[in-house]
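S.K.: Following this message is one structure expressed as structure tokens.
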Amino acid sequence: MTATQGKCPVMHGGATTVNISTAEWWPKALNLDILSQHDRKTNPMGPDFNYQEEVKKLDVAALKQDLQALMTDSQDWWPADWGHYGGLMIRLTWHAAGTYRIADGRGGAGTGNQRFAPLNSWPDNTNLDKARRLLWPIKQKYGNKLSWADLIAYAGTIAYESMGLKTFGFAFGREDIWHPEKDIYWGPEKEWVPPSTNPNSRYTGDRELENPLAAVTMGLIYVNPEGVDGNPDPLKTAHDVRVTFARMAMNDEETVALTAGGHTVGKCHGNGNAALLGPEPEGADVEDQGLGWINKTQSGIGRNAVTSGLEGAWTPHPTQWDNGYFRMLLNYDWELKKSPAGAWQWEPINPREEDLPVDVEDPSIRRNLVMTDADMAMKMDPEYRKISERFYQDPAYFADVFARAWFKLTHRDMGPKARYIGPDVPQEDLIWQDPIPAGNRNYDVQAVKDRIAASGLSISELVSTAWDSARTYRNSDKRGGANGARIRLAPQKDWEGNEPDRLAKVLAVLEGIAAATGASVADVIVLAGNVGVEQAARAAGVEIVLPFAPGRGDATAEQTDTESFAVLEPIHDGYRNWLKQDYAATPEELLLDRTQLLGLTAPEMTVLIGGLRVLGTNHGGTKHGVFTDREGVLTNDFFVNLTDMNYLWKPAGKNLYEICDRKTNQVKWTATRVDLVFGSNSILRAYSELYAQDDNKEKFVRDFVAAWTKVMNADRFDLD
């Protein structure tokens, strides 16, 4: 036998399996991976593909017709309940959109992420892999003109229409990602659906849910249908429902409407032994081809399917939109029972036979009704009960509130209406869309810049104000940004991070310039920052004119939901070297989070930090990280001095360091962890050394300008 016989020709571990990573060797090292996800190396479409343009070619009428036909085209390999896939498709859409949380804007239906781990294998998403496979022929037919994200969101909407609901509308424009997100924190738990009393719980104190999470445990979309930690108690469950839905930007009325509307159709599946289900998709064998939860010992389909473990329908007619949910919930008394799969569920006492839904396969058989603990909360919680009673008495009002809430659920993470595409986009402006009126594009931009330059405002004031206006942008749900100039409105004008006194002084000047020139305040704020950068670059010997596109509008107080905007408050900003208070996460980790939400890369983050420091934009005017004797000049001094071995770095307090001359021990500068990480982290140091090079002084300026412009234009969807 030769030396190579019987041995794998591939070196084990390094490239094809999960090996010990750098992060595991050095768990305290800063992980920059969240800044390099979704790049072109994983995207097979190529740099010239533009989904927003491609989807405009979609034959929406034909697609709608195909989806309508699919709803009643039952397949033997996964039969439709009562011959209609509506309930399954609604659950598919709901569980895609329902991962959204308002705190950081992450999650939601906007990326098609349900195709990938962990979502494709969450316990709460059991058997949704079958729904996506049922949709595959439609995706295959319409190809690049229809993303998975749009199709998944649209399927539930058409399902409702096919069952009799007049929907509020629909917008296309969601672009697919091609691998799981690395930036979404789903929770601290290390197992699926553990009790909240376990170690690594997301709850503290009096059932206080960790931010930014909007689900009660790992693997569930919202709440446990059996009750808190699987223990039925509708009033306790009502608390969980209220918290999780509020964190998804839904009020009590929307919560009741979505709960009732979601359970007006379809059924729960638990007529079998859940222990007989095979592994989830990510753990399934290769021959299962990405399908999970397969029952290989029994049929496991149709009336014998097991999903949540609860068993039964909520209404007598589960394939049609009606008011049966409230009629059943409010008119019957309910008692706790166990499903065939052993799950807690509520069943009616002495139901009338005509109220019992028929079997999914045999219409001559009647099955019992069921309510989850969350459904019972709609009856037992006093506020939810009032809303339920109103909906019961006014079915038309219920249908309208639900249709609007469903539209909000499926579009909350799409951003402003400028991103909406398709023939069914509603004309009505909705407050949660953060509407912005169109701005003036026809004014003398240079005249505005000249007035700004002559205003007497400092470079620091100009740049800081523009940055503060733009930094609220979140690429996760496309909210925030400089467009709208909401920095001049409540609540933003009073945020500590925006230095209200300085902001008021600068805005008073810039608003006057806007009024005199016909430009929007939003445009003038951005132009002010550009003027400051151009002046600083000129002082450094680089003549450059920053790109600028007029047309931002000015939002009004009436167009601004102050409560909704509160979540955009910057409680930390490493770019301005500021923390509102101490946090469990390190300052540099918080910087990465803001950078990722801004849609920036690690090199862009690096060059922006270096530039903003020497421009003197620190919050409160602190000098931490201002490694230059030429403040206000756009030099690469931050990087030159950071990488200079003539200096020694010493701790001088919590998140504070002194930079001392090695020979004299004289303190030269002070710094924070955010400053020093650009010299301590090996990747960031590589970028810092690049910008510290003698031949890259002009490159530094031009790269800073490019990154700055990217932030200023991040929310300009009208330019796409």
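We count from 1, first residue shown onward.
The backbone N, Cα and C atoms fix where each Cβ goes, glycine too.
The following feature annotations were taken from Swiss-Prot:
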- R91: site 'Transition state stabilizer' (SITE)
- H95: active site, proton acceptor (ACT_SITE)
- H263: heme b binding site (BINDING)
S.K.: Rounded to a whole angstrom, what is the C-alpha distance between H263 (heme b binding site) and R91 (site 'Transition state stabilizer')?
M.R.: 10
S.K.: What number of additional C-beta atoms lies within 10 angstroms of the C-beta atom of R91 (site 'Transition state stabilizer')?
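M.R.: A 10 Å sphere around the Cβ of R91 (site 'Transition state stabilizer') contains 24 other Cβ atoms.
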S.K.: With a 10 Å radius around each C-beta, find which of these recorded positions (H95, H263) has the fewest other C-beta atoms nearby.
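M.R.: So among H95, H263, the recorded positions given, the one with the fewest Cβ atoms within 10 Å is H95.
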